[in-house]
Each structure stands twice: as C-alpha cells, then as structure tokens.
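Novice: Have a look at this one.
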C-alpha cells in the first residue's frame, strides 16, 4: 500500500517568525495524521521550521535546489546545504519555476538526479497549460514531461520519487480538475512509469494531485484509486485549513 503524502508548498510567503508560528499551530492539529505530512517553506525559513518540527510527524521540504554541490552559482542553493538542515523532500520543476525562471525539462532532470544522489526525495511537478488542455494534448504533455524528468533514474531510486500532477490552469485559480479527470491522468502517469520500470515499481510510486486543493475537495480527490496525496498551495498557509486537508 502506498502511504498518502500531503505537502504544503508555501511559495513566497511567511517570514521566519511567521513560519514558526504557523508550524507551532499545525503540530497539534496533525499529530494523528495517517498521511505523511510535509511543509515546504521558503529557504530562509527552513532552519527555524526544522527546529520546531523536531520529534513531530511533520517532515521538511524545500521549494527548489541547484544540481551542483557547490560553486560560483550566485543565488543558488545546493543539495548538500538542504540535507544538512534536515530537508527530506525537494519540489522540482514547479510550473512557476518553468514559467517565470525558464526552467527546462533538461534542468528538471539534472535536479532530480542530483537530489536522488544526495538522498533527497524529489517531488517532480508536471502539468499542462489551458491551451494544451483545450487542444487535447494533456496526456502527451504530461507523460513527456515525466519521461524527460526521469531520464537516468535507476530502478532502485524510482520509489524515492514523488510525482505531482498540477494542471497549470488549476494553480491558484480556484479551478480544480474533477477528481475523475485527475485520476485518469494520474493512472496514465503510473502506466508510463510501469512501461519504464515495471508494474511492481510503478505500484510503489506516489503520485499527488495539485491545483486549488482545499478542505472542500480533498476527500473526493483522495477517494480515487490512483491519487496518493496532494501538493497544496494557498490552503497550506492557514494551519486549520491545511490540517483539515491532512486529516481528510
């Protein structure tokens, strides 16, 4: 059985003091969660948040990383740095990174391989735009992004990868793919992983849905056969809302 994973991506919100307050509120509300709980604060919050979540069931994620261990890469953060401050998961290839910062499939792949080689679990984001969806290209786009991201990932490592299907048109818009639609895409993703790594490995890979996930729609999403959790945006900035999602 795949253990569900619910992760809150705070994006560019929360100063360190606000971050501490948020996790302190969250801890008692999610202590009995059956799902794996991950918070993904901005880089400057990670150390403070890590101190507060020690000894709890909350795990730490980062929003991005560079693929080199060190060097003259001004403004970048390396996997070694993240590892040392207690990070377990790293979001890679979020549509906002692709859209605003020119992140390509090739860059995403380099980051995925680097994360895995340093013992970090990548949460690899894939998803189609509204125009791609309207042109009937959802499956083509999403499956291709996935194949590109996983190039060179070993059979042993694939089980440490989490995939997040985030249709771009649903992020922050209030629009959500129907649970059935999301499940169809996620099923196709799992079949693609099976074609690359075999059915047994594919059955162990967790695939989340992301895109306007909120307390009102989480149980419907989680009732589907292949949806293994959620990558939550705005709703993860309010402890009580995120807790309701985690405790679906």
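The backbone N, Cα and C atoms fix where each Cβ goes, and this holds for glycine too.
Residues or ranges marked as active site, electrophile in Swiss-Prot: 94. For 166, the entry in Swiss-Prot reads active site, proton acceptor. Residues or ranges marked as substrate binding site in Swiss-Prot (evidence: sequence analysis): 9, 10, 11, 172, 212, 233, 234.
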Novice: Fewest other Cβ atoms within 10 Å: which of the recorded positions 11, 94 wins that one? Let me know.
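Specialist: Output over recorded positions 11, 94: least Cβ neighbours within 10 Å is 11.
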Novice: If we count other C-beta atoms within 10 Å, could you say which of the recorded positions 9, 166, 234 has the fewest?
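Specialist: The recorded positions 9, 166, 234 were compared, and 234 has the fewest Cβ atoms within 10 Å.
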Novice: To the nearest whole angstrom, state the Cα distance for the pair residue 11 (substrate binding site) and residue 166 (active site, proton acceptor).
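Specialist: The separation of the Cα atoms works out to 15 Å.
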Novice: Kindly assign residue 234 (substrate binding site) to one of the three DSSP-derived states: helix, strand or coil.
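Specialist: The residue in question, residue 234 (substrate binding site), is helix (DSSP, three-state).
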Novice: Can you give me the Cα-Cα distance between residue 10 (substrate binding site) and residue 166 (active site, proton acceptor) in Å, rounded to a whole number?
Specialist: 15
Novice: Using Cα coordinates, what distance in whole Å links residue 172 (substrate binding site) and the residue listed as 'active site, proton acceptor'?
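Specialist: Distance (Cα to Cα, whole Å): 11 Å.
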Novice: Looking only at DSSP and grouping its letters into three states, which state does residue 166 (active site, proton acceptor) belong to?
Specialist: coil
Novice: Excluding 9, 10, 11, 172, 212, 233, 234, which residues of the same chain place their Cβ within 8 Å of the centroid of the Cβ atoms of the recorded substrate site?
Specialist: 171, 232, 235, 236, 237
